[in-house]
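Worksheet: one structure, shown below.
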Amino acid sequence: MNHKVLPNVTVVDHPLIQHKLTIMRDKETSIAGFRRLLREIAHLLCYEVTRDLELEMIPIETPMQQMEAPTIKGKKLVFASILRAGNGLLEGMLDLVPAARVAHIGIYRDHETLQPVEYYFKAPSNLEDRLVIVVDPMLATANSATAAIDKLKERGANKIRFLCLLAAPEGVERFTHAHPDVPIFTAAIDDHLNDKGYIVPGLGDAGDRMYGTK
Ligand code: PRP
Ligand code: URA
């Protein structure tokens, strides 16, 4: 069963997610395996983060007769990927919601200061009318996610959810303080951040493990 550690934080602890996450954490897992697993987990997380979307009935005609059938209400969703590693989750999300709009937010954290450095931002228009789901596998200090959401809010987004794979308790605290209106969905909350800002036990550097850039 999923559980809420705080009112706004859902840990999606489906056995398939937990099993796949364990393989991802293993330092012996290959780059190809890591990428495939992240995409598979994204499918399962996408299912949860969209579970309560509102439906509306539309008339259609089946080969047998007319009927009123449910469809997702409102404008297309926006998936906002924090580059680079967010793209690993994004691909899996788009497998399930191929018509979603996509925002790309280029942010990396300075390795010394752990402060976010922004280098790219491109988002669809009408953010104020859409649900925006921000994706990034790692919520460590939360500096990157907080900056990304600041930017989306500046551009009008007002219904936002944040989806990650792993979070540090320190990051969850900072994030919920900075953006109490943004629910977090994560597969796990780990033990702590180390003095270099890495999640422990974690899985290492997600971008490097996805793209082989160490
Ligand atoms: C990683 C990760 C998050 C960020 C999390 O990206 O994908 O964006 O770190 O850390 P924070 O919560 O302390 O900000 P990174 O900065 O390594 O950039 P990359 O994806 O380009 O490698
Ligand atoms: N970013 C990562 O990729 N891994 C961590 O553990 C922390 C930040």
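Just so you know, glycine gets a Cβ as well, placed from its N, Cα and C.
Those TrEMBL annotations? Automatic predictions, nothing curated.
Predicted, not measured: the structure shown is a model, and the values here were computed from it.
In the record from TrEMBL, residues R84, R109, D136, P137, M138, L139, A140, T141, A142, N143, S144 bind 5-phospho-alpha-D-ribose 1-diphosphate; the candidate from D26, D205 listed for the same site is D205.
Ligand 1 lies under 6 Å from the Cβ of M138, A140, out of the binding-site residues M138, A140, G204. Ranked by Cα separation from R84 (5-phospho-alpha-D-ribose 1-diphosphate binding site), the binding-site residues I199, G204, D205, A206 are led by A206. S144 (5-phospho-alpha-D-ribose 1-diphosphate binding site) is 14 Å away from A206 (uracil binding site) when you measure Cα to Cα. Only A206, of the binding-site residues R84, D136, A142, S144, A206, place a Cβ under 6 Å from an atom of ligand 2.
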